[in-house]
C-alpha cells in the first residue's frame with residue numbers, strides 16, 4: 001500500500017471513526033465520574049428503598065426476612081389504631097393515630113409558619129437593626145431539633161415553665177398545666193414549637209426574595225397610586241410566589257419527617273397513650289423497640305416516602 | 001389635603017424654594033438649596049454628571065423623598081408631605097420598572113385600575129395610548145419578551161395613560177442603543193409638545209438636554225450651576241465648570257494673569273483685556289466697579305480665558321493684529337466631519353476644531369480668535385459679566 005492510499009484511507013474513515021472514538025471516550029469519562037456517586041446513592045438510598053419496598057410484602061422474625069405474605073403488613077398497619085384511629089378521629093379525641101396526627105402537623109404548622117415567615121420578612125425589610133432581629137429569629141433554625149424539644153419541655157413545665165408563668169401573670173391560672181403531658185392539647189404545644197423553628201427559615205427565604213425585588217418596582221407602584229396593601233397584593237406577593245412554593249413544600253417535608261421534637265417531649269411512645277405520636281416515632285418503635293415489627297416499620301416509612309417524594313421532585317424540577 | 005384641586009388640573013407649575021436633601025443624618029448632601037421654577041407645560045431638563053444630585057431632585061418632586069429643608073410647591077400648594085399619587089405625578093424610571101409578572105396591557109392598566117377608573121374607560125385610554133406609542137401589537141406580551149425600545153414605550157404609555165399633571169423622566173433613554181436613543185428623543189419631544197404636560201427630564205447626556213429642553217438646569221455636586229435655555233447655555237456658560245461641561249469637545253480655558261490692561265497666558269502670549277472685556281460691556285479699567293458679586297470680583301488678578309474649539313483658528317504665521325496665542329501642534333485627529341487639532345499652549349493641550357488641517361505634529365502655530373468668542377472667568381470660576389449699567393449687551 002502506497003503512502004497515498006494510506007492517506008486516502010485515513011480520510012475515508014476519518015469522520016465516522018473519529019465520532020465513535022469521541023463517544024466512547026465520553027462514555028468512559030462519564031462512567032468514571034458517575035460511578036462513585038451512583039454507588040453511594042445506590043447503597044444508601046435506592047438500596048434501602050427497594051429493600052423496604054420488597055420487605056414490606058414479607059413476614060419478619062426480628063431482622064430476618066421470612067416468607068412472602070402479600071399485603072398482610074400493609075393491611076395490618078392501616079388497621080392499626082396507632083397509625084389511624086378512626087374511632088377517635090371521628091370524635092376528635094387524641095390519640096387519633098400517628099398518620100392523622102402527622103397530617104394535623106402539616107395542616108397547622110405549614111400555613112402558620114409560612115405566613116409568619118413572610119410577615120417577619122416584610123416587617124424586617126426596612127427596619128433599623130433588622131440584621132440582629134433576623135439573626136435572632138433564624139437562630140431557632142440552627143439549634144438541633146432535639147434541643148428544641150428539650151427547650152419546649154422547659155417552657156411548658158408546670159412549675160418552672162415560662163409559658164405557665166405567663167398564664168399566671170395574665171390571670172389565666174386555671175389554664176396552667178403540664179402542656180406536653182396533657183393528651184388533648186400537647187400536640188398543639190409541640191406544633192407551636194415547630195412553627196417557631198420553621199418561621200426563622202421561612203423568614204430567611206422570604207427576606208432574600210424580597211431583597212431581590214427591584215426597589216423601583218415598588219416606587220413605581222407608589223407613583224401609580226397603590227397604597228401599602230395594594231403594593232403587597234399586586235406587586236410583592238406575585239413576585240415572591242415562587243419562593244412560597246419552596247417554603248410550603250420544604251415545610252411539608254420537614255413536618256412529615258418530624259421526630260426529635262416529639263421524641264424529646266414524649267419519648268418513643270409519642271406522649272401519654274401515643275397522644276402526639278407521628279410517623280417517624282412509629283417507624284422507630286416498630287423497628288427498634290420490642291416487640292420488633294419490621295414489616296410495619298417498612299410500610300410506615302414507605303408511606304412517608306410516598307407523600308414526600310412527589311413534593312421533593314417538584315422542588316428539584318423548579319430550578 | 002386639597003388633592004382634588006390638583007387632580008382636576010391638567011397642567012401644573014412646580015416651584016422648589018431653597019430645597020436641600022441630606023442623607024445619613026446630614027453627612028451626605030444630595031441637594032443643597034435648590035431654587036427652581038418650572039412653568040405649566042414646560043420641558044425642563046436637569047443636566048449633570050452622575051452623582052450630582054439630579055435624580056434626588058427629581059425624586060423630591062415626585063414625592064419619593066421628602067426635603068430636609070425648603071419647600072416644594074405645585075401651583076400654589078405646598079406639597080412637601082404629599083404622597084406621589086396625591087401629587088398626581090407620573091414617572092419613567094431609568095430601568096423602566098415594568099411589572100414583570102404583568103402583561104403590557106396590565107402594566108399600562110395598573111395605574112388606572114388603582115385609581116378605580118371603570119373598565120370601558122380604561123380600555124379606551126389604553127387603546128389611545130398604545131396607538132400613540134405604536135405598541136398595539138405588544139399588548140399581550142410580558143415585559144421580558146420585549147426589546148429595550150418597546151419596554152421604553154410601554155413605560156411611557158403607563159405614565160401617559162393616567163393623564164398626570166407632571167411627567168418625570170429619569171434618564172429614560174440611557175439604556176437604549178445610540179440609534180434608538182435618537183429616535184426616541186425626537187418622539188419624546190413630539191409627545192411632550194402634543195400633550196403639553198409639565199415635564200422634568202433628568203439626564204447626563206448634554207445632547208439630549210440641548211435638543212429637547214425648553215430650559216436646562218445644570219447641576220454639579222448637589223447645587224444648581226445655571227438655569228437657562230439651551231442656546232444660552234452654550235453661548236453664555238455662567239461658570240467655568242459649565243463651560244467645561246457643555247460642548248463637545250468642551251471649551252478651552254487658558255489660565256491667565258492680569259497685567260496692565262491685558263491678560264498674560266504664560267509664555268504663549270497676551271490678550272488685550274480691554275477689547276475682550278469691552279465686547280461684553282465690562283469696564284476693564286477699574287477693579288471694583290459695582291456691588292454685584294461677579295462684577296466686583298471681575299477684574300481680579302487671576303483670570304481664565306475661555307474659547308470654544310470651534311471658535312479658534314490656526315495660523316502658521318504670527319498674525320499682525322487681533323488675539324493670538326502661540327503653541328505647538330501635538331496631535332491631529334481627523335474625524336471626517338471636522339479635524340481636531342490638539343495644540344500645546346503653555347504646557348496645556350488646547351483643542352481646536354478645524355475643517356481641514358494642513359499642520360503636522362511639532363509645527364509652531366498661532367491660535368487666533370475674535371473678541372466676542374472669548375469668555376472671561378474670575379478666580380471663583382464665575383463668568384465675568386458686565387457691571388450693571390444702562391447699556392444693554394447683546395450677549396454674543
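Note that Cβ sites are derived from N, Cα and C of the backbone, with glycine treated the same way.
In TrEMBL, the transmembrane segment annotation falls on A:137-156 of the listed ranges A:57-76, A:77-96, A:137-156.
Check TrEMBL against the ranges A:103-125, A:264-286 and you find transmembrane segment recorded for A:103-125.
For the transmembrane segment (A:239-259), same-chain residues at least 6 beyond its ends with a Cβ under 8 Å from one of its own Cβ atoms are 102, 105-106, 109-110, 113-114, 117-118, 145, 194, 198, 201-202, 205-206, 209-210, 213, 217, 278-281, 284, 304, 307-308, 311-312, 314-315, 318.
Through the fold, the transmembrane segment (A:103-125) approaches residues 96, 133-134, 137, 187-188, 191, 194-195, 198-207, 209-211, 232, 236, 240, 244, 247-248, 251-252, 255-256, 258, 278 of its own chain, all at least 6 residues removed from its boundaries and within a Cβ separation under 8 Å.
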